[in-house]
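Here is what Swiss-Prot records for this protein:
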BINDING   C9, C10, C87, C90  [4Fe-4S] cluster binding site
DISULFID  C169-C171  disulfide bond
Amino acid sequence: MGTVLIHVCCAPDLLTTIFHVRDAEFFFYNPNIQPLSEYEKRREAVDKVANHFSLNVRYGEYSTEEIRKWYTAVKDYKDLGEGSKRCERCISFLLERTAQEARKRGHESFSTTLLASPRKNLPMIENIGKTIEEKYGVKFFFKNFRKGGAYQEGVRLSKELGIYRQNYCGCVFSLLERREKHAEISRKRGHM
């Protein structure tokens, strides 16, 4: 595997990932996470995990310009739901930036903690990673980080350590979808 730079989406998935790969440099880059208060909660949770396990975490830029670049990448697909082309474009955006950082810092490969999430499509992520690998000449390290009980152990540890566990993917579109879903459930309960 050599040296690897692993994109970090959130602390719960980081906890799951480190059961498989701990000797790595981690990269928290997420201009997709909104609002700012949510980004700050997630960054603080990653800090807590990094400090607890002595992990090497770098932080990518979170600015209006980076958010604008991310929005440009996904805006044509904003009305599509979770797991759609919108997510594919978002993941591609995040992994491309990770590959650029990996190449700049001399890493042999790059990966993502998204591979730990039970809500993500692993073949889609692998395809995106391989495409970016060809573009930047940095290998994409693919591994199902959920395996071997790691996901369940990550959940247990996050509760034990008091790590923030988010309830939506991160982007404003997934937040709105979640709110709409909960409003619909509430309406149905109100009519029973």
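Glycine is no exception: its Cβ is also placed from the backbone N, Cα and C atoms.
As the structure is a computational prediction, the values presented were derived from the model and not from experiment.
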With every protein chain in view, what's the tally of Cβ atoms within 10 Å of the Cβ of C90 ([4Fe-4S] cluster binding site), excluding that atom itself?
24
Can you give me the residues near the recorded [4Fe-4S] cluster site, meaning same chain, not C9, C10, C87, C90 themselves, Cβ no more than 8 Å from the center of the site's Cβ atoms?
N30, N32, I91, L94, L114, S117, K120, C169, G170, C171
Alpha-carbon distance [C171 (disulfide bond); C9 ([4Fe-4S] cluster binding site)] in Å:
11
Rounded to the nearest Å - Cα separation of C10 ([4Fe-4S] cluster binding site) and C171 (disulfide bond):
13
I need the CA-to-CA distance for C87 ([4Fe-4S] cluster binding site) versus C171 (disulfide bond), whole Å please.
10
Among C9, C171 [recorded positions], residue with fewest other Cβ within 10 Å:
C171
Least surrounded among the recorded positions, given as C10, C87, C169, when other CB atoms within 10 Å are counted:
C169
